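> What Swiss-Prot records for Glu126 is active site, proton donor. Taken from Swiss-Prot, the feature [4Fe-4S] cluster binding site covers Cys12, Cys96, Cys198. Residues annotated as (2E)-4-hydroxy-3-methylbut-2-enyl diphosphate binding site in Swiss-Prot: His41, His74, His124, Thr168, Ser226, Ser227, Asn228, Ser270. Feature annotation from Swiss-Prot assigns isopentenyl diphosphate binding site to His41, His74, His124, Ser226, Ser227, Asn228, Ser270. Sequence annotations record features per position, and here Swiss-Prot assigns dimethylallyl diphosphate binding site to His41, His74, His124, Ser226, Ser227, Asn228, Ser270 based on sequence analysis.
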Amino acid sequence: MQIRLANPRGFCAGVDRAIDIVNRALEVFGPPIHVRHEVVHNRYVVEDLRQRGAVFVEELHEVPDDAIVIFSAHGVSKAVQEEAKRRQLQVFDATCPLVTKVHMEVIRYAREGRESILIGHAGHPEVEGTMGQYDKSYGGDIYLVEDEADVVALTVRDESKLAFVTQTTLSVDDTARVIDALRQRFPAIIGPKREDICYATTNRQDAVRQLALECGLVLVVGSVNSSNSNRLRELAERCGAEAYLIDEPSQIEASWLKGKAAVGVTAGASAPEDLVQQVIATLKNLGGEDAEEIPGREENIRFSMPKALRP
């Protein structure tokens with residue numbers, strides 16, 4: 001049985017930066033360091049940081065006065081930012097710069113008097129943060145759509161002054177269809193020159209397409225609450241492969257491998273490489289050959305740390 005590795009896979013620049021911010025804050029200030037929401041959506045990473053002294057909370061009222069708090073890579077609403085400022089909490093913002101770019105877009109659209117439509121998944125923290133960055137005091141509103149049916153049902157105030165943005169971790173193909181539906185329904189709508197789906201999401205989806213063509217089974221290393229990891233599994237299935245999302249190698253079932261000449265392995269943008277290597281070792285113990293990496297797009301993007309945390 002061949003083992004084929006997706007390229008690229010695993011950590012993206014935004015995840016690297018967010019984890020580095022928590023680790024560096026622990027080094028500089030010592031524990032505890034409070035983090036609003038899981039800094040990235042990976043159980044393995046979160047547990048490792050928790051053992052080092054990070055305290056994960058869902059809301060700021062759980063953070064003591066005079067504490068240090070880190071905002072997760074998914075971003076936060078304006079209300080959360082203002083609450084932290086009012087309480088004079090020391091904040092380090094681990095929001096991915098590509099998410100911040102989307103925030104800047106909805107802030108600008110609100111000031112221009114445009115209503116905004118966000119393509120995204122309800123309940124995801126990135127979506128909640130972006131929705132909360134739109135300033136309704138300018139008279140407009142922001143609407144969430146997940147699919148074409150939502151576009152059909154949507155009612156806005158002024159179809160001539162509309163803009164759209166997207167969550168950064170969506171399916172590229174699904175998002176393209178929703179954007180087409182928006183343009184057909186609202187011909188005057190404007191949006192970013194390129195959709196807001198980030199480079200890492202796009203690259204990992206392209207790699208999975210190739211993997212699914214070569215392998216009857218695709219294993220995606222990632223946690224169930226990771227949006228981009230779920231999109232990778234769904235895409236592999238659409239491309240004709242059997243696919244599973246796994247948090248760790250112990251979840252692999254030998255029955256999945258029965259009759260498979262090749263198995264593909266990839267990882268979501270918040271899954272560490274050492275988990276991938278553990279999965280490969282397990283597959284080899286179950287009869288797999290040495291892993292072979294497929295050709296892919298090189299990534300060399302790095303995002304800078306907050307000044308106060310730089311060595």
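Note that Cβ sites are derived from N, Cα and C of the backbone, with glycine treated the same way.
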> Any same-chain residues 6+ apart from His74 ((2E)-4-hydroxy-3-methylbut-2-enyl diphosphate binding site) with CB under 8 Å of its CB? Would you list them in sequence order, or say none?
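Listed in sequence order: His37, Thr95, Cys96, Val99, His124, Pro125, Glu126, Gly129.
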> Quick check: which same-chain residues outside Cys12, Cys96, Cys198 lie with their CB within 8 A of the centre of the [4Fe-4S] cluster site CB atoms?
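Result: Ala13, Gly14, Val15, Ala73, Leu98, Val99, Thr168, Thr169, Tyr199, Ala200, Thr201, Ala269.
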> Whole-number answer please: how many Å between the C-alpha atoms of Thr168 ((2E)-4-hydroxy-3-methylbut-2-enyl diphosphate binding site) and Cys198 ([4Fe-4S] cluster binding site)?
5
> In the three-state scheme derived from DSSP, which category covers Asn228 ((2E)-4-hydroxy-3-methylbut-2-enyl diphosphate binding site)?
helix
> Specify all same-chain residues, apart from the site residues His41, His74, His124, Ser226, Ser227, Asn228, Ser270, whose Cβ lies within 8 angstroms of the center of the Cβ atoms of the isopentenyl diphosphate site, ordered by sequence.
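Neighbours within 8 Å of the Cβ centroid, excluding His41, His74, His124, Ser226, Ser227, Asn228, Ser270: Val40, Glu126, Thr169, Asn225, Ser229, Gly268, Ala269.
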> So if I measure Cβ to Cβ from Ser226 ((2E)-4-hydroxy-3-methylbut-2-enyl diphosphate binding site) and keep only same-chain residues at least 6 apart in sequence, which ones fall under 8 Å?
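Ser226 ((2E)-4-hydroxy-3-methylbut-2-enyl diphosphate binding site) has long-range Cβ partners His41, Asn42, Gly268, Ala269, Ser270, Ala271.
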> Would you mind listing, in sequence order, the residues at least six apart from Asn228 ((2E)-4-hydroxy-3-methylbut-2-enyl diphosphate binding site) in the same chain with a Cβ closer than 8 Å to its Cβ?
Thr169, Ala200, Thr201, Arg204, Gly222, Gly268, Ala269, Ser270
> What residue among the binding-site residues His41, His124 has the most other CB atoms lying within 10 A of its CB?
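When each Cβ's neighbours within 10 Å are tallied, His41 tops the list.
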> To the nearest Å, how far is the Cα of Cys12 ([4Fe-4S] cluster binding site) from the Cα of Ser227 ((2E)-4-hydroxy-3-methylbut-2-enyl diphosphate binding site)?
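One finds 14 Å between the Cα atoms of these residues.
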> If one looks at the chain holding Ser227 ((2E)-4-hydroxy-3-methylbut-2-enyl diphosphate binding site), which residues at least 6 apart in sequence have a CB under 8 angstroms from its CB?
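When sequence neighbours closer than 6 are ignored, Ser227 ((2E)-4-hydroxy-3-methylbut-2-enyl diphosphate binding site) has His41, His121, His124, Glu126, Gln167, Thr169, Leu170 within Cβ distance under 8 Å.
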